[in-house]
Structures are given as C-alpha cells and as structure tokens.
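Participant: The compositional bias 'Basic and acidic residues' annotation in TrEMBL covers B:90-130, B:166-178. As annotated by TrEMBL, region 'Disordered' applies to B:89-178. If you look up TrEMBL, you'll see B:6-24, B:36-56, B:62-85 marked as transmembrane segment.
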Amino acid sequence: MTQDQWTTVADVVSAVCLLGGAFFALAAGVGALRFPDLLSRMHAATKPQVLGLVLVLVGLALRLREGGAVWALVLVAVFQMLTAPVAAHMVGRAGFRTGKVRQDLLVVDELSRDLAATRQTDEGGRPD
Amino acid sequence: MTVFDVVVLVCAALLTVGATLAVIRAERGPSMLDRTIALDIVVTTVIAGVALYAAVFRRADVVPLLVVLSLVGFVGSVTVARFAAVEPEGEGRVRTREEVAAEEAEKRRLEQEELAERRARRRAALEAARDAVPAAATGPDRDASEPATEPVPESARDTVEDEPDPEHHGGPADEETR
C-alpha cells in the first residue's frame, strides 16, 4: 500500500475510535443520571468513562501521527487508568462510611460485617 | 461536507448530551459524592472534547492541556471524598428561593420568640425582687442607692450574671472553640 492509502486507513480508524469514545462518554452521562445509588453511579463514572477517553485519545493519536504528541497522549491515558481507581476507591469508601450506600441494593456486603467485627473486638479488648 | 465532518458533528453532539446529563445529575445529586462523580464525568467529557478539537484541526499543541485536565479532575474528586461528612437528611438538595425565604422567616420568628421570652422572664424577676425588698423591711430608697448589694431572690438566680472575670470579659472562656 502507498503512503496515501495508509493515511486514509488511519483517518478512518481514527473516526471510528472518536465515534466509539463519544458514545461511551454519552453512556457514562446516561448511567450517572439513571442509576439509583452512589455505587452504581460510580460504576458508570469509572468504567465506560475511561474506556471512552482512551478510545478518543487513540483516535486523536491516529489523526495526529506525530511522535511527541502521541507520547503525551499515552501519558494522559496512563494517568486516567491510574487515577480513576484511586478516586473511585476514595469516593466509595467515603460514601460507605457516611451512609450514602443503599444497603438494599448490595448483593454482597463484606465491609459492614468486618466493621462490626472490628468494633466488637475493640469493645471487648477495652480494660474497663 | 465530507464523511469526517459528519463524524465530528455526531461526536460533538454525543459528548454534549453526555455532559448535559452529568450536569443534571450534579444538580439533583442527593449527596456531594454524587455531585463529585458527576463533575468528574463532566471533566472527562471536556478532555474528550478538547481531544476531538485537536483531532479535527490536527493541532498537537493542545495535548499538554489534556494532561493538565486529567490531573486536575483527579485532585478535585479525591479532595472532596477526603472531606466528605455525614450530611443531615435533606441537606444535599438545592433549595428553591421560596424554601429559603420560608426557612429564614421561621428562624427570625424563633429568635423573636426567644427574645420576648427572655424579656418576660427578666421583667418577672425584677418584679419579684421589688416584692422581696420591702418584705425584708428595708426602705424603698435603699435599692436605688445600692442596687449591687441587694439579695438576689431565688426566682431570679439564673438571670444574674457572674462577676466579670478580669482576664476574659466576655462569656466563660472554656466554652469557646478554638
């Protein structure tokens, strides 16, 4: 294939990636609006969100086709994949501890059990 | 209009709708963590929008902006989650103007009531003191000349202030929060 054909292919793949990424961003917005409680909204805010952003960045990289810019885009994607779980963990933990999680929607709840057990041993171990 | 232009327009529309839905959730969100998540989605959508812009015009110079935005979004949500506290019922709702006005009026009414009650109590205490002083067989002009030494009647004990502390002229110092 000639150089011209390669650029056409890259542009087409880039358009597909941009469309997919935008669709996932829409899915994240719909999920955040429609889901019933904090944890399910976090699900919408982390997974489709990061995947959509990575797809958009891949589309942008295929469109730019320059070394330095593509490395910066890789950096953005890596940052997102590193920070999204940390932010989600902090938000979920704070939500659980301040009672913003709906207990009736949980399938498995190991944290409540562990917290209760810890509290019991704390009270039992006290000298007075 | 080429196919790529149509694709870009569709992408922009999808991103706009997604961000709008997230903003609606941020307005409704019953707690501040819901709002944090929704604004996180908005930030990521903005990153995607800037990336779309860079892709359309083949501009590599806006790429550092993407790096900065992704870092700022992370710091924001982590900070809010760090300081999340238990919110009272109904606290996390944006109130309408009428509700705020009604709340203010209620607060003002309570303050007025408290003030009137305090005034009535003081008047009652004063009258009790005036009754008690002639009963103790002292002249009526004594409480005018030396009001500080007159005995405080039992009913008025709680309205009498303590002797002023030379160091703290205000209220009791140990009730202050520092």
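Note: Cβ is positioned from N, Cα and C throughout, glycine not excepted.
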Participant: Give residue numbers and ranges for long-range contacts of the transmembrane segment (B:62-85): same chain, 6 or more residues beyond its ends, CB-CB under 8 A.
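Facilitator: Apart from its flanks, the transmembrane segment (B:62-85) reaches 32-33, 36-37, 39-40, 43-44, 46-47, 50-51, 53-54.
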Participant: Go ahead and report the DSSP secondary structure tallies for the compositional bias 'Basic and acidic residues' (B:90-130): helix first, then strand, then coil.
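Facilitator: Per DSSP, the residues of the compositional bias 'Basic and acidic residues' (B:90-130) fall into 34 helix, 0 strand, 7 coil.
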